[in-house]
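Taken straight from Swiss-Prot:
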BINDING   Gly10, Leu11, Glu12, Gly13, Ala14, Gly15, Lys16, Thr17  ATP binding site
Amino acid sequence: MRSNYIVIEGLEGAGKTTARQLVVETLQSAGIHDMVFTREPGGTILAEKLRSLVLDIQSTGDEVINDKAEVLMFYAARVQLVETVIKPALARGQWVIGDRHDLSTQAYQGGGRGIDRTMLATLRDAVLGDFRPNLTLYLDVTPEVGLQRARARGELDRIEQESMNFFNRTRARYLELAAADPSIRTVDATQPLDAVARDIRATIAQWMAEQAA
């Protein structure tokens, strides 16, 4: 099977790290071992600096980051990662497993922030063209459950400290986007871990069978 780009998405506390391991195990059981792992924002020297700038609550002192400036920083980090890491890895025949990609911006900034969706789509198309993940696993969790898990991990970053209404809007946009795109598969991440693991493995296996057909 040719190389593919698989992305794991979801709110804070959805279980993306655990899901990544399950995806890896499922791929390995199918004989796929050459994988590259990415995260957004981040994954290159420049992108990691932008990550610190946009997520660290201390990064800009008392200066509030403008919503549109936030979007542009996310896209700057994303383009750098796609062009210098993801595309070259795919060209080498490696599989890429990503923690977040463009769906996060469409959900968090388009849903949570309320930024004009046409503008976001235009910007995405301008800088990414038709580049898209082959498969996106969206781990659906309520903000209440997700933030409770996130708080248990420790200090929250700048976006994790947003209001419950922000995360409700973000989740609603995630669900809307997932319903409209067959390359996005939704997993109920509020279930017990063994049930989530079962669903992730089944989703990956089904998708791989579809690709082989």
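Each residue's number is its place along the chain shown, starting with 1.
The backbone N, Cα and C atoms fix where each Cβ goes, and this holds for glycine too.
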For Leu11 (ATP binding site), the same-chain residues 6+ apart in sequence with C-beta under 8 angstroms from its C-beta are Val141, Pro143, Gly146, Leu147, Phe167, Thr170, Arg171, Tyr174
Distant-in-sequence Cβ neighbours of Gly15 (ATP binding site), under 8 Å, six or more positions away: Leu139, Val141, Arg149, Ala189, Leu193, Val196
With a radius of 8 angstroms around the mean position of the C-beta atoms of Gly10, Leu11, Glu12, Gly13, Ala14, Gly15, Lys16, Thr17, what other residues of the same chain does the ATP site pick up? Ala19, Leu139, Val141, Gly146, Arg149, Ala150, Ala189
Helix, strand or coil: which one is Ala14 (ATP binding site) in, per DSSP? coil
Sparsest-packed among the binding-site residues, when each Cβ's other Cβ atoms within 10 Å are tallied, from Glu12, Gly13, Ala14, Lys16, Thr17: Thr17
